[in-house]
């Protein structure tokens, strides 16, 4: 269950570390700092920074990542919104004149 902050998650850096979901982001930062050699071999998923995978497996992970669907859905919903100029078509606001001379 993704919404359970008490569930245990296995650390991708040190396999015997099991961390509560609510503490997982903090643990990743600390564990990366404490294990720089292991961290160098891992890549971060572009859809979810909590996903650390071996660099060689990143392309495969990106194709299968569950969070990719959320990102794609967000992009589609944004493309269906009206352009910004249509939202502000009734505005008559204009920037005030500027008399500053930055050269002097």
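Cβ coordinates come from backbone N, Cα and C, glycine included.
Quick look at what TrEMBL annotates:
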DOMAIN    8-35  domain 'CHHC U11-48K-type'
DOMAIN    42-69  domain 'CHHC U11-48K-type'
REGION    81-104  region 'Disordered'
COMPBIAS  85-94  compositional bias 'Polar residues'
Sequence-remote partners of the domain 'CHHC U11-48K-type' (42-69) [C-beta within less than 8 Å, at least six residues beyond its ends]: 12-13, 24-25, 28
Secondary structure content of the domain 'CHHC U11-48K-type' (42-69), with strand meaning DSSP E or B: 13 helix, 6 strand, 9 coil
Cβ-Cβ under 8 Å with the domain 'CHHC U11-48K-type' (8-35): same-chain residues at least 6 beyond its ends: 42, 49-53
For the domain 'CHHC U11-48K-type' (8-35), the mean pLDDT of the predicted model: 95
Secondary structure content, the domain 'CHHC U11-48K-type' (8-35) (per DSSP, counts of residues): 14 helix, 6 strand, 8 coil
